[in-house]
């Protein structure tokens, strides 16, 4: 007699509970932001809808010491990507992937630091900055983002690189390591756990669910972009400068010109939709089918990260089947490569010079 088949109801029930959580929390987050909007309008209606004109980029975005602005059009999607490159062509490639709400400029300290021994490329991800931004939400699925990096590597004439990712760029870096391990000499991730750790942890820990509330808020069409833009992009400025979330407590490592660079880029017409569309596809792409990373890996973590609980960093090791080092920096914020650049650069140098091998 054949063994009884497991009831089909259980997977269906799990899926129902999962999507009920996603959309239920999405509705809650939307309600909170709607109340914030109404409060702002009630207090200062004119200020709420005011936006300063920003026709010209700040001078720091054209600083020649950071490198050369370049563009590459990849074959598969036909999209054109913008990047800033420093260091001589022909040197080993170091590819830098930024997070949200960032762009290539988040790597300014690393562009200067590593150009002596590497061809350092700081990319604007799909939909960000001067890179092309497809209109359709489906164009931002994780499979597309992974394919972008593979095709960019080919277009730059490299088969391997040192890959460094922060925040959402860290998510993509982990996935590249899972899908295309042969492309990565060494993997460095800053303040983002292995994606499988993240998806499992967030469902079991309400505190992390709260910290990641923007993932759910971003599922709503158009409203998140609007909320980021009111009060002359106050929410964007707050992320980088507030006591709780800022770069080095109240943004002490961020100059006025640095902050204006971020506001300039994201204040351009339609500049927020592409970045937020990255998040609008995440729940349909996870959990992963494959998990293990076989590349030597360094995970750097700011202990004062307002968005990610440090316990996720410690659990990540189980998904790396190779050399793995975790370094947690006390008083480091979520924006670690900008917050403590000298320390971060030193740790990266040490890891790059270590003799590690692929198991």
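Just so it is clear, glycine is given a Cβ too, placed from its N, Cα and C backbone atoms.
Remember, predicted model here, so these are calculated numbers, not experimental data.
Within the same chain, residues 203, 209, 213-214, 216-217, 219-220, 223-224, 227, 283 sit at least 6 positions outside the transmembrane segment (15-35) and bring their C-beta atoms closer than 8 Å to a C-beta of that stretch. Annotated transmembrane segment per Swiss-Prot: 15-35, in sequence order, evidence recorded as sequence analysis.
For the domain 'AB hydrolase-1' (92-337), the model gives a mean pLDDT of 95. For 92-337, the entry in Swiss-Prot reads domain 'AB hydrolase-1', with the evidence type sequence analysis.
Same-chain residues at least 6 positions away in sequence with a Cβ under 8 Å from that of residue 167 (active site, nucleophile) are, in sequence order, 98, 99, 100, 102, 190, 191, 192, 334. If you look up Swiss-Prot, you'll see 167 marked as active site, nucleophile, on the strength of similarity to another entry.
Residues or ranges marked as active site, proton donor by Swiss-Prot: 279. Of all the Cβ atoms in the protein chains shown, 18 others lie within 10 Å of the Cβ of residue 279 (active site, proton donor).
Look at Swiss-Prot and you will find 334 tagged as active site, proton acceptor. Every protein chain shown contributes to the tally, and the Cβ of residue 334 (active site, proton acceptor) ends up with 25 other Cβ atoms within 10 Å. Residue 334 (active site, proton acceptor) carries neither a helix nor a strand DSSP state and counts as coil.
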